[in-house]
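One structure is given below, encoded as structure tokens.
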Amino acid sequence: MQRKTVVIKAGGSVLERLHPTFFSGCASLLAAGVQIVIVHGGGPMIGRMQQKLGLTPQFVNGLRVTDDNSLEVVQMVLAGLLNKQLVTALEQAGAPAFGLSGVDRQLLKVKAKDPSLGWVGEVDSVRAEALHPLLSAGWVPVIASIGRDKEGHHYNVNADTVAAAIAQSLQAEQLWMVTDVPGIMADANGKGAVLPLLTPSQVRSMVAEGRISGGMIPKAEAALNGLTGSVQEVVILDGGAPLPRFDGEKEQGTIIRREEAKVDGVVSHL
């Protein structure tokens, strides 16, 4: 029987406040027969390292401008320091892990996103076969969101879009986006109750109405992009809470599910 697969994206802003059981929760998923892939960012740590080295972080529309010097810092932090910290934490929790970036085995083939952003790329394709031996052996691939183009140039890539692309290429059943928020809120500005279940059309309506705004917009867009192929649901989770079970309804966060959601009195007005 084919094992179920979940791709877990851990945002850079949440890595320093993950719930103490996050890594043991990954080990429990493995023990239950679920294949796991972790994709991580690292924006805050990159920014601090830039400042230590006398570089000033620059952004355009919320995207980090990555010049030659900044790209060196991005690779040093993501593929080096942070990636190995995550691998160590997983192994100490009993989950065998293998750290790599999208550059390795040309896992992530990318192209330039916008010349004004420098070495910032977007995913062109994923070589899923590069991950199959690790998953078959029961390892957790821990992937830093860096890729390369056909000329061999390296690029900083948004981890949300990387996770969605990898979930599609692996034909994963679920994509979990571990963030610094408890989920999608009923009201704008992160207020109101967390909406436990939404459909893609409801999410699009909330974006259009301004009820999803700011930093939640790219998360919502990545979630919608991830809902293709075999991916049946994307879950936006609070990194400060324990990981949920793979099967069954989630007790926290927001599930965005492809089929029509039926939630009495919660999202019927959307």
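From the backbone N, Cα and C atoms, a Cβ is placed for every residue, glycine too.
What TrEMBL records for this protein:
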type     : residues                    : note
BINDING  : Gly42, Gly43, Arg64, Asn156 : substrate binding site
DOMAIN   : 4-238                       : domain 'Aspartate/glutamate/uridylate kinase'
SITE     : Lys9                        : site 'Transition state stabilizer'
SITE     : Lys219                      : site 'Transition state stabilizer'
TRANSMEM : 22-43                       : transmembrane segment
Beyond the flanks of the transmembrane segment (22-43) by 6 or more, those residues with Cβ under 8 Å of it: 3-13, 15, 64, 77-78, 82-83, 86, 89-90, 92-95, 97, 131, 135, 138, 140-145, 158-160, 162-163, 166-167, 170, 172, 178, 239, 242-243, 246
Environment of Gly42, Gly43, Arg64, Asn156, the listed substrate site - residues of the same chain whose CB lies within 8 A of the CB centroid: Gly12, Gly41, Ile46, Gly47, Thr66, Val74, Val77, Leu78, Ser145
Integer Cα-Cα distance in angstrom, Arg64 (substrate binding site) to Lys219 (site 'Transition state stabilizer'): 16
Greatest inter-residue Cα distance in Å for the substrate-binding set Gly42, Gly43, Arg64, Asn156: 11
Same chain, 6+ residues apart, C-beta under 8 Å of the C-beta of Gly43 (substrate binding site), given in sequence order: Gly11, Gly12, Ser13, Arg64
Among Lys9, Gly42, Asn156, which are recorded as recorded positions, the nearest neighbour of Lys219 (site 'Transition state stabilizer') by Cα: Lys9
For Lys9 (site 'Transition state stabilizer'), the number of other Cβ atoms found within 10 Å of its own Cβ: 32
Listed in sequence order, residues with CB under 8 A of Gly42 (substrate binding site) and six or more positions away: Gly12, Leu15, Val77, Leu78, Leu82, Ala144
Spatial neighbours of Asn156 (substrate binding site) that are distant in sequence (at least 6 apart) but have CB under 8 A: Arg64, Thr66, Ser70, Leu71, Val74, Trp119, Val120, Gly121, Ser145, Ile146
